[in-house]
Amino acid sequence: MAAGFKTVEPLEYYRRFLKENCRPDGRELGEFRTTTVNVGSIGTADGSSLVKLGNTTVICGIKAEFGAPPTDAPDKGYVVPNVDLSPLCSWRFRSGPPGEEAQVASQFIADVIENSQIIQKEDLCISSGKLAWVLYCDLICLNHDGNILDACTFALLAALKNVQLPEVTINEETALAEVNLKKKSYLNIRTHPVATSFAVFDDTLLIVDPTEEEEHLATGTLTVVMDEEGKLCCLHKPGGSGLTGAKLQDCMSRAVTRHKEVKKLMDEVFKSMKPK
């Protein structure tokens with residue numbers, strides 16, 4: 001009976017749960033799904049991670065290559081993110097060039113990198129005007145069950161913290177790069193941006209970490225990205241219902257709390273990896 005009602009009237013089905021301050025999957029309105037992270041998942045990458053947010057699963061692999069610095073910024077390197085939403089992760093996506101949702105997600109991650117200054121691009125310069133690191137960050141969604149932006153941001157941060165780059169020097173006589181693979185160092189991660197996404201129901205009710213079904217039924221979505229100092233790095237609201245100042249403040253307060261939870265989880269994972 002309940003399954004039939006959900007199929008015919010999915011929004012009304014959800015409203016009956018939301019009136020009781022809970023959701024069909026048993027979560028409270030402000031409760032996140034179980035979050036897990038593994039790092040170093042891809043042996044062929046220079047840094048990698050796998051993040052699960054409930055059923056939503058994203059893997060991030062980072063490859064470091066040499067490139068010429070930009071002519072207008074000769075002392076900077078590059079960080080190039082790309083989000084891949086293939087038919088593997090959801091029936092909604094098709095093979096071929098990236099669709100609109102994938103392009104929006106890629107731009108969102110690029111904005112987070114730029115606004116949060118997670119890495120200063122000057123740190124990626126090897127020789128001013130001659131050689132710099134290019135970090136290709138491929139984020140591949142394996143299972144899309146909503147809240148892809150939170151999962152991608154977390155996966156990117158964990159993978160960047162896992163990256164080790166070899167020492168590179170420029171031979172003055174030959175002007176060629178010499179790579180010392182025996183001497184590697186981690187990237188200087190300057191901030192830890194964490195995304196927190198919300199769905200708006202009936203223009204007023206806020207729920208965190210929406211599933212794919214909840215995103216579809218919502219009248220709007222909002223993603224807030226904060227760093228460890230409580231500084232707002234990015235605010236992403238693709239149309240939909242407007243929010244009052246008070247509601248927006250609630251979202252930012254919840255994002256600060258979520259940052260602490262994610263940072264604690266990540267610190268525990270990296271601590272467990274260190275040799276004793």
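Cβ coordinates are placed from backbone N, Cα and C, and glycine is handled just like the others.
All annotation found in TrEMBL is predicted automatically rather than curated by experts.
As annotated by TrEMBL, domain 'Exoribonuclease phosphorolytic' applies to 31-166 (among others).
Taken residue by residue, the domain 'Exoribonuclease phosphorolytic' (193-256) breaks down under DSSP into 18 helix, 24 strand, 22 coil. The domain 'Exoribonuclease phosphorolytic' feature in TrEMBL is assigned to 193-256 (among others).
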Within the domain 'Exoribonuclease phosphorolytic' (31-166), what mean pLDDT does the predicted structure show? 94
The correct DSSP tally for the domain 'Exoribonuclease phosphorolytic' (31-166) reads 36 helix, 50 strand, 50 coil
